[in-house]
């Protein structure tokens, strides 16, 4: 038998396993013969028929059947239910009701349900929808106008009451006392309860302490109901670890673990004294390993010896589940404890699939087919039933087949208990309890209806899909035999275990392009491997950068590049070019470019693909360079490399589309910034190269070492040295002479608006008339949070948008607009969450905010913040290390965007408020500044989203998420106005800009361009009111 440490390693080895191998092990370990499986299916079909014959179906099940994920109305109702009760102001409440009810077809559900409540709700929604709908005749409009004028408060009150009623179907009570009172009918029947205090991950220390008190108070309140002689016959409580510490994450393990263990132990001791159970809820897969550390350290406390109420939730949809059960059993044996294990199917499946795909992982931490999870559950149940010497199994399920399988495998129906959710599965569990004498516990949420969001979403995703048991059991069109079908037969007939409809993360972009490899730095195995691989690059100063050009000049003297977090530490040296070398480089590039343009596009694209593989092979070195030269955290370094690789593969895939009927421009100068020294540098350079141009790259003077390594790998991939040249140096010495050279055909630039304007003027003076300029500059990027937004989600996204990368992103949030009605709550949470950020050396995994790039940047930001503080604008700030180029994150109060004189490129967030009826004024103020890069919006009102899409002049608008980290190919990035010109990088039109019309070939073919003369009268006719103030909003101005 494996030892406990070996079992821990086995758990880690199964984080992203081969699904076929994992499923084969589970099928074998379930140990069910064909005859046993047939008997189980027959018994399950009988249970389904029994449930269907019951008139006692619960409202939540009927509701989910009628308004599930398959209906737009169901999704709208869920959104209304979770948002309406937390909206404090009437105006936004009316907008939300109108947004969710008016557009939908409630009549389609009229009379469809057997539930009187569901039908009554449907009629109410139909009536409300008709009052709010805009699409009727004059009489109806007049009536509606009167109702709206006199009756909107009535509508608001009625819908709010309906939503509260709906909330009560999901929540047992708003307080623990109310929940106990409402649950008495079931406790009299012999049911037990496990109470779950509503609330999700704490964002602040204040939130964590509040949740901790809520758990402690609940245990104290339940003490008087815990009258049984043993823990198993008393009520229990479920605890989310993420609720009692604001930084429950791998990167913060060192500071989190002792505090978490202390808090959890205090709850366990209280539960022990109350003779009740305490279950640790399972959460996202990336927290599993961390939870085992907490569990082991807590359970090892001698004060808990003899208490049999310590419980752990295990999610069967994760291939690690059987290994976790083995580890828990071994831990209980070592400590001589008896514990509880609640087995569930799993509650975060959609999240896990999305996370693995967006992170570019090698596989999935969950099974990709539902039958695979059903098999896993049964196999894990078999394992648990064989461990009752140390483990009391708690089987949480609403599935008749799963229930039948457990009954068939169990020798003693009193050695375990079934569990169900409040409001669901009553008929099934009551039938089994009566016939088999099994114990049943109800998992019941307790808390304010305004905290329903995450719980509702999980329940809907688990049970609202057409394929779920809860959905099918109330659908008479699905036969009992189909519902009770043996999952072992299903997996045997389905072929490969992996779901073909869910591509592997590396294949999410289809056959045309492989996604960039990712590294999960919440995984201890990945962290250890990365630490070992980058260790040789984390010390010393072996890197050098010099002009990479066939030109004869040597450049100037060597300059030392230092670590911005530790300016006394040399990272490498750079020898910079000069104006003479720049002129020679242009001449060499111009001579070589025609030959490069004749190279087939397929060959050029193949070089980019080779370069992408080389980038990934040298990932540890790039990560170290990003940390030491650019001051980036490891997370930012990984994102940087992945974006660069995505650029290489995306432009390789897109190159052929840009070729037709066009020709390369010639020599393109690429001037890149220090804040994305690998990704933007690579994106600019390879876009120009793959389209047949020669490139002279001038990296930012702060980060030439990263650029030098990138160019070396691009050369290694096959790109000729005279086609790709790199000239390190500053703007006046290198950038200016390159831009001024009349032989260049275009400039690709990322940097300040002022420099972009200077380049534009220079090109107008010296370059050919058709010279290209693609410029991406800064912006006064805003985000608006209205009163329907979920505060926890909004605060998370504000922090990331404003302070990740020390605020040194073009897309970073500079000004936050918060609706006055929720200002206090949002600001309290925001400042509290900011207090939890770690400012420090990015070489440490625990660091959230690293240094700014140089002393000039630090001095400028600090002077600005000092001036604002002197003017009474400071809301909050953190402390920053004294050594290094660190700037403390600041939050500053302003009246609006008009008060911002310039972009402050660092960890500085401005906050303004707005009234609910002043949204148009906010939009006008933002547009008036002339910038247009990114905008963020947090709202549950879809009509409001469309309003911003139609009226805010920005390149990228993000809804209910952060506003940084655009994904190549999926979210092309670029601005308008003062924030940039040209097509968006990483988008389908970008490469075409590096090509031009076939002038040379057309001339050779004797084709003369022809055009039509234009008169002033024609202009006046085609463009009436061109100077009018409403011109930007006119939809007919194009075409």
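Each Cβ is built from the backbone N, Cα and C atoms, and glycine gets one as well.
Pulled from TrEMBL, these are the features on record:
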DOMAIN    7-52  domain 'Proline utilization A proline dehydrogenase N-terminal'
DOMAIN    60-170  domain 'Proline dehydrogenase PutA'
DOMAIN    181-472  domain 'Proline dehydrogenase'
DOMAIN    561-994  domain 'Aldehyde dehydrogenase'
ACT_SITE  776  active site
ACT_SITE  810  active site
Between residue 776 (active site) and residue 810 (active site), what C-alpha distance do you get in Å?
9
CB within-chain contacts under 8 A for residue 810 (active site), separation at least 6:
675, 750, 776, 777, 778, 779, 933, 975, 979
For residue 810 (active site), name the DSSP secondary structure in the helix/strand/coil scheme.
coil
Should residue 776 (active site) be counted as helix, strand, or coil on the basis of DSSP?
strand
In the domain 'Proline utilization A proline dehydrogenase N-terminal' (7-52), how many residues does DSSP assign to helix, to strand and to coil?
38 helix, 0 strand, 8 coil
Within the domain 'Proline utilization A proline dehydrogenase N-terminal' (7-52), what mean pLDDT does the predicted structure show?
96
